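Following: one structure in structure tokens, then a few remarks.
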Amino acid sequence: MKHLAQGIITRRTELSESYFLLELECQEIAREALPGQFIMLECKGETFLKRPMGLSSADPEKGVISFIYHVTGKGTRSLHSQLIGETIEVIGPLGNSFWKEKNARTIGLVAGGTGIGPLLMFGNWALKNSPETEIIGFIGAKNAKMICGEKEMKRFAKEVYCATNDGSFGYKGFVTDLLTEFLSKNSLESIIACGPTQMMKKTAEIASERNLQCQVSLEEHMACGFGACIGCIAEIKGQGYSMICAKGPVFDASEVVWKESNL
Amino acid sequence: MNLSVSIADIKMKNPVTTAAGTFGDGSQFGDFIDVSRIGAIIAKGASLEPWKGNPPHRLVETPSGMLNSIGLQNDGVEGFIREKLPRLLKHRVPIIVGVFDKTPENYARIVKRLNREKGISGFEINLSCPNLEKGGKTFCDYPELVKEVVGAIRKATDLPIIAKLSPNVTDIVAIAKSARDAGADALSLINTLVGMRINIKTREPYLAKNTGGLSGPAIRPVALAKVFLVSEARLEIPIIGMGGIQTAEDAIEFLLAGASAVAIGTANFVNPRATLDVLEGIEQYMRENSVNDINDLIGAVRAHSQ
Ligand SMILES: Cc1cc2nc3c(=O)[nH]c(=O)nc-3n(C[C@H](O)[C@H](O)[C@H](O)COP(=O)(O)OP(=O)(O)OC[C@H]3O[C@@H](n4cnc5c(N)ncnc54)[C@H](O)[C@@H]3O)c2cc1C
Ligand SMILES: Cc1cc2nc3c(=O)[nH]c(=O)nc-3n(C[C@H](O)[C@H](O)[C@H](O)COP(=O)(O)O)c2cc1C
Ligand code: FES
């Protein structure tokens, strides 16, 4: 069930340069949220629409949810100026969730930017619910300072590989090139990608060339987040335009019609 | 306390309804509110054949509002009857079905098809579509095109028809008159205003269609003035007011300006409880101000004499 709820900001942790983890006390959403789901978050200030944020954890016992944000525009700037103890309005949990492919023992998680958030939630879920699963993490960022979530991922992943555009940390190049290199010597049975659309598109290509099942969590501008405006569409094979917030955000990568326009 | 109002023959238990294209089939709001408490639902409805809609981006935020270019994506009238209508009717409130297309004949054919379905209370004619037979001129920009479409629909149904007008015109009163003269029973004021935003980094417009429809609180004063102007013209035709209504105070302004009912649109996205928040706020205002009948508020603005 979706809730319109008030969340109390309980903690803000800096994960890397301008990447922050925000924890919210919000019983209703914490009780029900699944990995891959998101919330619509009020950002105050000069914003009008709520902002979609992928959940990075939901603890039903403590009644706390969290997400990772990167300060980019109006909404995240205003969010960043909010203090511990302040209340913000949230709608959630929204959308579908990641799924674990049957028989997939080795899963690659490919993260770019704040896309790490939902992947952390999936990894922690898998650790608890499917301990035989082996997870290999791939994290991409511009430079060493912006690598986000490596430490958190190591808590459940067997191995974590990082790539930076300038080579200041780990592999020099795109995280998708790193993934290709990994796959030339090792194998994965399933891939989950979350991050910039360009990165997910490339990951989808890599997976498809090797016949690997691949899930992607798509992004598009959203007004409602719960299927009322038909604003947040992606083209899905054989189905025309589908609402990302209601049918997704997680899609089987092979069903997505990738186009310049959804970049 | 009486909250019920009438829009032509449509009896609403309260004056709060939903703006077309912003309320899905109502089921999207079931987790947040008891949808059966709303006075009526104006549903987006359908064109004759399915329309794919526009590519992304379809929306972008603006100061106090948003721009959209959804492109009237819908499954066509048969798809609407199969999927959406049954879900709408479950809410047990009057259902007003939006109708839009590219020729007057198609508008009439949609209405004729919907006439055969039980439970529909009326039609809202979205006139903000380009007329394919008239070189793509938007219907609601020209009194004679409005007359043609509304006239064609009038011949096709006995149910109430509500003409939805655009604010993007020089003289909205003239358009309102031609809609009434062609047989419209009520008016919906207003549809979105044309707007635009450009990303200065990429130098591309944010919307794939370059321009889109502006909605939300940003347009409220414009909408209120249009309702007031048409109401002042004493055309003896009820008005459903809409445009940026978020709170009961906003809604009461529209009632005072001459609207017999108010529709909540964009506010539903930001606050899925907006319809009932407005309703409860109106009730509170009536109690606090000893207004026993909501109809006493309609058009009760004390306008300055000119
Ligand atoms: C399903 C989903 C999950 C997301 N999860 C996260 C997350 O965990 N952490 C995070 O920091 N961001 C996430 N985003 C993007 C986020 O919603 C914000 O849009 C982004 O952080 C920039 O917001 P802003 O207000 O600072 O920027 P502004 O430029 O002020 O935003 C203006 C408008 O554009 C929209 N917009 C801008 N960039 C994006 C984008 N990349 N995707 C969608 N809409 C955008 C905003 O929502 C807003 O309506 C997610 C988006 C989606 C669709
Ligand atoms: C996302 C979106 C979709 C809309 N779709 C329709 C539509 O299909 N038909 C229509 O007549 N109006 C449509 N409208 C216009 C609204 O019904 C309403 O007239 C307008 O948005 C002003 O009200 P608001 O500011 O409260 O949203 C749409 C508006 C939005 C924001
Ligand atoms: S954001 Fe409104 S339908 Fe997806």
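Placement of Cβ uses the backbone N, Cα and C atoms for every residue, glycine included.
These figures come from a predicted structure and were not determined experimentally.
The domain 'FAD-binding FR-type' annotation in TrEMBL covers A:2-100. Taken residue by residue, the domain 'FAD-binding FR-type' (A:2-100) breaks down under DSSP into 13 helix, 49 strand, 37 coil.
Sequence-distant contacts of A:THR76 (FAD binding site), defined as residues of its own chain at least six apart whose C-beta falls under 8 angstroms from its C-beta, comprise A:CYS43, A:ARG51, A:TYR69, A:HIS70. As annotated by TrEMBL, FAD binding site applies to A:GLY75, A:THR76.
As annotated by TrEMBL, [2Fe-2S] cluster binding site applies to A:CYS224, A:CYS229, A:CYS232, A:CYS245. Reduced to three states, the DSSP call for A:CYS224 ([2Fe-2S] cluster binding site) is coil.
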Binding-site residues, contacting chain B; criterion Cβ under 8 Å; candidates A:THR76, A:CYS224, A:CYS229, A:CYS245: A:CYS224, A:CYS229
Residues near A:CYS224 ([2Fe-2S] cluster binding site) in space but at least six apart in sequence (CB under 8 A): A:MET40, A:GLY231, A:CYS245
Cα-to-Cα gap, A:GLY75 (FAD binding site) vs A:CYS232 ([2Fe-2S] cluster binding site), nearest whole Å: 18
Filtered binding-site residues, from A:GLY75, A:CYS224, A:CYS229, A:CYS232, A:CYS245, whose Cβ is under 6 Å from an atom of ligand 1: A:GLY75
Assigned element (helix, strand, coil) containing A:CYS245 ([2Fe-2S] cluster binding site), judged by DSSP: helix
